Every structure is written in structure tokens, then in C-alpha cells.
Amino acid sequence: MYQGHMQLVNEQQESRPLLSPSIDDFLCETKSEAIAKPVTSNTAVLTTGLDLLDLSEPVSQPQTKAKKSEPSSKSSSLKKKADGSDLISADAEQRAQALRGPETSSLDLDIQTQLEKWDDVKFHGDRTSKGHLMAERKSCSSRTGSKELLWSAEHRSQPELSTGKSALNSESASELELVAPAQARLTKEHRWGSALLSRNHSLEEEFERAKAAVESDTEFWDKMQAEWEEMARRNWISENQEAQNQVTVSASEKGYYFHTENPFKDWPGAFEEGLKRLKEGDLPVTILFMEAAILQDPGDAEAWQFLGITQAENENEQAAIVALQRCLELQPNNLKALMALAVSYTNTSHQQDACEALKNWIKQNPKYKYLVKNKKGSPGLTRRMSKSPVDSSVLEGVKELYLEAAHQNGDMIDPDLQTGLGVLFHLSGEFNRAIDAFNAALTVRPEDYSLWNRLGATLANGDRSEEAVEAYTRALEIQPGFIRSRYNLGISCINLGAYREAVSNFLTALSLQRKSRNQQQVPHPAISGNIWAALRIALSLMDQPELFQAANLGDLDVLLRAFNLDP
């Protein structure tokens, strides 16, 4: 169990390569040796037993016996009376079973292969004395629509033929008695099948007629198009005619959910107060002040920038992406927002978009934009929010731009350029080179806690969890309220088997989020679901069912008391 969970968390950090591993990715990953827990909305990660369910359909026993009898019948001649009877009985049973129940395609193909071996084999009996019997057998075969496993005279010796004729002559009545019930059942199944096919055919015809009628109604579609265009035009006019003091909402802003009961929405100097709280490490309150600043001035690109960066540090990546996108709509050359957006895209596995943001960073940078102009015919990136793996040629093209820019700088180190290089090496899985790039940036900015966190995440993804703990610890020394780094530290503790320390870090992060919001008397505190999910995993590894139940219920006070932490 220990090994399974260790591999689980390692896979998670690889799937979220830069700032932090998303708990959602390894909520779907399970191991067979884990202990099954009660199924709730919050414990999907622990219900591991369901992943091992074999959904393949078993082969029915009668068909298995029938299939086994076929090869043996091929090798033996019709020497005894019972042989002929058994052959027909098994064949009739096989055909009836094939029509009665649904089987897998592989099973159907397997039976078809056995029958096709004898497709060209015919039984030519004595047409004078036994003609009526052969006519009856051929009639039965044609009515049922299946192939009889009959033996060719060319494949048997003369004594065998005489013996076979004698057996068929004496047992003709029993053969027909056995074939008749099977024939009746097969005929009934054919009627049902024909009725079903006829019904499906009529439904298909009805659907095609309805589809053709709708497609041919061009007047209807032209009217719908005209109404849609008119509605869009009216909305555009009404938005432009709004009063100047009213807050307009763009498409990006609609994707961002502001706190409805923000006590600072009318606070004078909300942006400056937000910067002050950010330096103090009070991330939840910083977010409230930045939202207030934006509500007062929706066109404040810098407020959107800091809102996005703070949301990322507060372990809320989706809100960060929306805020940073809005910032870049207002200010396309905002280099800090572009780099932060590239990091957030990387964390959410949007590799194509991360490459595009990094390329735009070069294009918008006055020091390096000439490099893009010199690269004629470089592949463009037009896909938005795509989680498919980045094209290797595109990634190599952007990486080449950054390496060329670094070469142009000579001995001078540009920390922002090195940060971009670190992200690119991360995307390509070159963790050691990414570590070198982040270390180079830290030589210029040793007090940049976000760089220390990125270095820690890179070390962790490079299977160097002990060094990652040191990097995360350094980031928290500089910024104690850095919730994302606290979360990452907990993940690395799980990797190292230090489950109690992991729980302590997760609880500290949750407590920081709640404490900050409670001090401002803001209802419904926003606490990261990722942290709660990681906490449940750590508690399950500690084999603490009572505490695990408290985590399921979101009872933070019980958990804090259990681990002797201040509420």
C-alpha cells in the first residue's frame, strides 16, 4: 500500500509539472492494494476496488462444449450410430445458442472462423437410395441459414463411406427428430430478428425524412440567422450606451467570479492596500482588495495582473488564468502577466497555450522581439486552452528563441529569460536543465519566493524530493503565507513517507485561508479543494479513520486539535 501511494503522488507531480501537482489528476488514479473506503463525493480517490472490475463477458458453457466437439468430429469418422447423433445435436445446440444470447465480437468471430474452415465441404450421398434423406438435410440447412458440419466423400475411405451410409439409413428418424426442434426454434428467432430489422429500417427512414425536411427549410434557418444577428447588434448598442459610471463586464470578466459580499468594495485606495497585504502574505484579503480595485476601475490592468498572480499563489489556478487573460486584453505587452500566464497554463496541462504565452513574451519584450522577426515561417499557435501535448517542432522553435536570446546576453543573466527557459525545459521533460535555469535566475533574485517554489517543484518532478523540501522551506521563510508552497511541501512530505508532516502542512494552509477570511468577517470562506483532497490522502496513509471522517466533513477544528495546531 505504501508503494502504491508513493507512485500515485509521483505520477501526480509529473502531470502538473511546474508550480504544484493537481490533486484532481491522481484522484482518478488508484492502486489495487489500497483499502476501499465508503463512497462519498469527496472520497473518490480511495474507492480503489472498482478499478479492478473485469467487464469482459464470459463464454457460456454450452458453446464451449460445442466448440470443443468440432475439432474432435473433424478427426473421427462416422463409425458408430451415436457419433452421427451427437454431431447433429451439438451443431443444433450451437446454432440455437448463437441466436439466443448476445456475445462479444471476438466470440462471434471465433465461431465464424471454425465454420469457414468447412465452407466448401459438401456431403455427396447416394442420390438413388438416399436422395430423399439428403434433400431433407439440404432443405433444413437452407431454412436455418447456417452451415452444416458435413464430411466430404473425398476425405474418407470407401469402408468409412459404407459405414456412414448404414448409420445414416438406420438413424434417419432420430436425426430428423433432433433437427426439427432446433429448426423450429431457429425459425422463430429468424422471425423476431426480421421484425426488429424491419422496425429499425423504418425508424431510419423516418429520421432521414425528418432530417431532410429540416435541412430543406431554408426560410426557417434564414429567419433564425437574422434574429441572432439582430440580437447581437442590440446587445452591442446597449453596452456602448451604458452610463460612464456603470461597470461594464467583458467576456473574460464574466468568467471570473467576484465575491458578492466584499467588505472592501468601496474602500478608497483598494489597490495600494492590496499590495500592502500581499507583502504581508495575506493572500485571501489581498484578493478581496484587488477585486474591489477592479470593481472601482474595470480597466485597471495592473490590478488584474496582481489579482491573477495572487490567485495562483492561493492555489486557485483557473481564477488566475481568467484574471491574467483580462490583464493582457487591456495591456498586451505586460511581460509579468505573460510569464505568470505561461506558468499557470503549464500547471493546468495546457502546453500549447503555455508555449504561445512564452513566445508572446519574446515578441513583446523590447530586448528580444527582433529575434522573432528574424524567424520567418515559424509555426504559429492558434489553439486555445488545449490539453493535447505540445507539438515538438513548436516547442523546439520557442526554446530556440530563448536559447538564442540567452546567448546574445553573454555573461549577463536575465532572470525573467531564465525563468522562461526553466518553464520550456519543464515542458520538454528536461528537469535537470530546468533546475539549472531556475538556479541561474536565483543568483540574481535570491529573495524571490516564487522562484524558490518553482525550483522546488522542478526538483520534486525530477525525483529529488529531499532537495525540493529545502527549496519549499526557503520559499516559506521568505513568504510564510505562501499557501501554494505550503501545499507543495506537503506533497513532497508524502513522497518521502513523512505523512504526519504532510498533514501538518496541509492543515496549516487551510488554517491560513480560513483565519484570514474570518478576521474580515467574510462569509463562505473559499478554501482550496485541492488541499482538502491531499489531506484526505495523507490521513488515509496514516490509517486514521476517525480523522479521515473529519476531513470528509470539512471539520477543520477537530483536525487542528488532533495535531496540536493553533486554530
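Every residue, even glycine, has its Cβ placed from backbone N, Cα and C.
Comparing Ser139, Ser146, Ser166, Ser250 with the features listed in Swiss-Prot, the residue bearing the annotation phosphoserine is Ser146. Between Ser238, Ser386, Ser392, Ser465, the residue that has phosphoserine written against it in Swiss-Prot is Ser386.
Given the ranges 10-29, 150-169, 190-209, the record in Swiss-Prot names 150-169 as region 'Disordered'.
Remark: secondary structure over the repeat 'TPR 1' (267-300) totals 24 helix, 0 strand, 10 coil, with classes taken from DSSP. DSSP assignment over the repeat 'TPR 2' (301-334) gives 27 helix, 0 strand, 7 coil.
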